[in-house]
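The D-glucose binding site annotation in Swiss-Prot covers Q242, Q243, W428 and rests on similarity to another entry. Per Swiss-Prot, the feature topological domain 'Cytoplasmic' maps to 1-15, 70-82, 129-132, 188-232, 291-298, 424-442, 490-536. The topological domain 'Extracellular' annotation in Swiss-Prot covers 37-48, 104-107, 154-166, 254-269, 320-402, 464-468. Sequence annotations record features per position, and here Swiss-Prot assigns transmembrane segment to 16-36, 49-69, 83-103, 108-128, 133-153, 167-187, 233-253, 270-290, 299-319, 403-423, 443-463, 469-489 based on sequence analysis.
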Amino acid sequence: MGLRPAVLLLCASVSLLGGLTFGYELAVISGALLPLQLNFGLSCLEQELLVGSLLLGALLASLVGGFLIDCYGRRRAILGSNAVLLAGSLILGLASSLPWLLLGRLSVGFAISLSSMACCIYVSELVGPRQRGVLVSLYEVGITVGILFSYGLNYVLAGSPWGWRHMFGWAAAPALLQSLSLFLLPAGAEGTAAPKDLIPLQGRETSKPGLVKPQYSFLDLFRAQDGMWSRTVVGLGLVLFQQLTGQPNVLYYASTIFRSVGFHGGSSAVLASVGLGTVKVAATLVATGLVDRAGRRVLLLFGCALMALSVSGIGLVSFAVSLDSGPSCLATSNASQQVDLPGSSGLLVRSSLPPVLHTNGDQGQLVLSVTERPIHPVITASLGPVLNTASPVPTSPILEHTLLCWSALVCMMVYVSAFSVGFGPVTWLVLSEIYPAEIRGRAFAFCSSFNWAANLFISLSFLDLIGAIGLAWTFLLYGLTAVLGLAFIYLLVPETKGQSLAEIEQQFQTSRFPLNFGHRQRIGIQYHRLDVSSAS
């Protein structure tokens, strides 16, 4: 027991460093894309392929990663993903042509997606119920810290001739440190040595030796046996509502709102984005501290309700403020991306430019549209939807206009914080708890693939949705979706706070319909307490 604090610290480092690598790789392309375009003369389509190749690799990993995690174990999957990431970073750092860049990005995307699934499962199985929420949520904290770290590094290396090579190479550092931590930890809950290894950490939560474990196939996820269908409904519902509430798109308009309230110029916009990222890190830290105290359901309900109010507020402000949007994509652009992955954070990813360059727009997104336009030598547009706020504002309503813009900024800050408290960290924590160990990797990967697919769908449909119903109604639609998500969480998502994985397993096996989860949870805890008191 004397080694327990050290082991818990190693578990925390695995979760935090895994998230840091994930967040850094998501954000690094925002600072590297412009120098890559200048060095390789990338066209608009080539830039979109370069940005989207990471998403493609991540989607591939979500399709096959579950089988790798269940067959070879969680720790081996993480170590293997780190090896792929190191290879991808090396390819990117030494790349001399677009195909090598695409191969490197594809490899990195595969690695971070596989690692994100394996890390959450590995840590959730390795520690007891009292530490599980905090340690798994540290992965989300790592993502936000990694993105902030990429902001600073991109800003420092923006003027360096080969700065983009160093940007890609720095991702190897947290991956190497995580691998070192893994070598000092047990293999995990699977394998013959697992009960002996986990005794110091989980105590009575470990499986009894000699107990015959059930075998599950992938199709069992859709059957009623052992409550598997209920688990699948809960898992898919959480990942889909995480995306359908508009998280991949809301922050595409962040830089325009920043400019509207006075953040003019490249450096000011970068600092404003860092401020937004700092708010997100703070909210994630709050969620990490509360997840084992307040519970998973409470954070999900609170976060989703706050998201519904804040995104609806952005929509209402959009009715009052004249905002125009239009897709544009030039070969020379200040491109940035915002991608929300497992355990994803939804943080604005913003690139910093050398002082001599000027941009009319600061935000971009993954593949949205390609317009056939001639390449202009001056950077005048950005990837993705851009809000035109350059129209003159009459002198008389200037105060009202300023208040509305600040209201939109506050709503966006609240939205980011609400996501970081609820869907951001808790979704992947719940997914790592509700499935049996024998199929946990495949189930987690199955839900993760829907998360990536929904992210891509929301991103690709954003411009068409705005063209059909307008910007304000688009945000109000996201608010309505958040209300539906609130009802889903209240009715179907169980509370897993303070329960061992075995107790969560029993809860699903004995409940035929998820609507009974809240009542059954209270009864289960009551009997557990009576049993403990009588035993003492």
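Even glycines carry a Cβ here, placed using N, Cα and C.
Tallying C-beta pairs under 8 angstroms between the transmembrane segment (16-36) and each of 49-69, 108-128, 299-319, 443-463 places 108-128 first.
Per-site Cβ counts within 10 Å over the binding-site residues Q242, W428 peak at W428. Within the same chain, residues 238, 241, 245-246, 250, 287, 290-291, 404-405, 407-408, 411-412, 414-415, 417-424, 426-427, 471-476, 478-480, 482-483, 485-486, 489-490, 493 sit at least 6 positions outside the transmembrane segment (299-319) and bring their C-beta atoms closer than 8 Å to a C-beta of that stretch. Of all Cα pairs drawn from Q242, Q243, W428, which the record names as binding D-glucose, the longest spans 13 Å. Highest Cβ contact count with the transmembrane segment (233-253) among the listed stretches 49-69, 83-103, 108-128, 469-489 falls to 469-489 (criterion: pairs under 8 Å). Pairs of Cβ atoms less than 8 Å apart link the transmembrane segment (83-103) most often to 167-187, out of 49-69, 133-153, 167-187, 403-423. Counted over residue pairs 6 or more apart, the CB atoms of the transmembrane segment (49-69) and the transmembrane segment (443-463) come under 8 Å in at least three pairs, which marks the two as touching. Tertiary proximity for the transmembrane segment (167-187) is limited to same-chain residues at least six positions away from its ends with a CB under 8 Å from its CB atoms, namely 7, 10-11, 13-14, 17-18, 20-21, 24-25, 28, 31-32, 73-76, 78-79, 82, 85-86, 89-90, 92-93, 104, 108, 126, 146, 150, 153-154, 157, 193-194, 197-198. Over the topological domain 'Cytoplasmic' (490-536), the average per-residue pLDDT in this prediction is 62. For the topological domain 'Cytoplasmic' (1-15), DSSP puts the residue distribution at 12 helix, 0 strand, 3 coil. Note: the topological domain 'Extracellular' (104-107) comprises 4 helix, 0 strand, 0 coil (DSSP; helix = H, G, I, strand = E, B).
The 10 Å shell around the Cβ of Q243 (D-glucose binding site) contains 25 further Cβ atoms across the protein chains shown.
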